[in-house]
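Trainee: Below is a structure I'd like to ask you about.
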Amino acid sequence: MYERDKSLAQGEELRFFLSFVANKEMNVLEPMCGNGRMLIPFMQEGIDIEGFDLSVDMLERCREKCVDLNLIPTIYHDKIEEFSTDKKYDLIMIPFGSFSLLPDHLVAKSLENLSSLLKENGKLLLTIMTTSNTSEEIPNWAQTNRVEFTDDTIIEWKKVHYDEHENTLHTTIKYVLMRDQTVIKTETMNFRVRLYEENEFDTILSRNGFPNVTIHEVKDGYGFGRSFDVYECMTEKAL
Ligand SMILES: C[S@@+](CC[C@H](N)C(=O)[O-])C[C@H]1O[C@@H](n2cnc3c(N)ncnc32)[C@H](O)[C@@H]1O
């Protein structure tokens, strides 16, 4: 159901990430590419992009979608803190706050690894969840989205708890698939997202090889009225 709700990136979010691809000679890498939500629209634009993810299931969804679209993805099963290749990239991007899923002890190691994968003038784009742009707690189940398909409807319910000591948002999402007023299937997901304070992530970046950072606020990127911050980072090599 996550797949049906979040199949392919589009609109403002997609336009924003595509705007960093100056030409088709650029090599792009998407760590944590998941089900190919962003990777596939990039491939459809003829961009040379590779991706990797920890989840075999997510990579399988990506491959299935590519078969339907007659595309052959270059995707690997790997971890952001360990991925290695002889290749260097012009652009590395992690949309949708995926980087904020990483526990604190993997952050420095992952940034160091990403820095080693970039060309000298390469750029890293990271969508980061901050305390200023992330929604408040939802103590009781609340309906947060509804997607209508020809026969079915998916209703998203959410509960959110913020742990101030760990600066972590604990979210439970329940997707309910309905057909003719009847529940066909329910799927529940739990995840923890690290929320960064203002300037906190800039400091982490500069300590781990990315001293030059520009923050972009992308408005209406995940739907009207919702905005998120993308950190555009250059390595020390580029300065
Ligand atoms: C919310 S999904 C987002 C996928 C994609 N970035 C997008 O924009 O749709 C987060 C993804 O991060 C992956 N992931 C989590 N920890 C990871 C790690 N340490 N290394 C690689 N992938 C990881 C998960 O398997 C999942 O597919």
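Cβ from N, Cα, C; glycine included.
So TrEMBL has the following annotated:
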DOMAIN    28-122  domain 'Methyltransferase'
Trainee: So how many of the residues in the domain 'Methyltransferase' (28-122) end up helix, strand or coil by DSSP?
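Mentor: Going through the domain 'Methyltransferase' (28-122) residue by residue, I get 37 helix, 25 strand, 33 coil.
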Trainee: How does the model score the domain 'Methyltransferase' (28-122) in terms of mean pLDDT?
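Mentor: Summing pLDDT over the domain 'Methyltransferase' (28-122) and dividing by its length gives 96.
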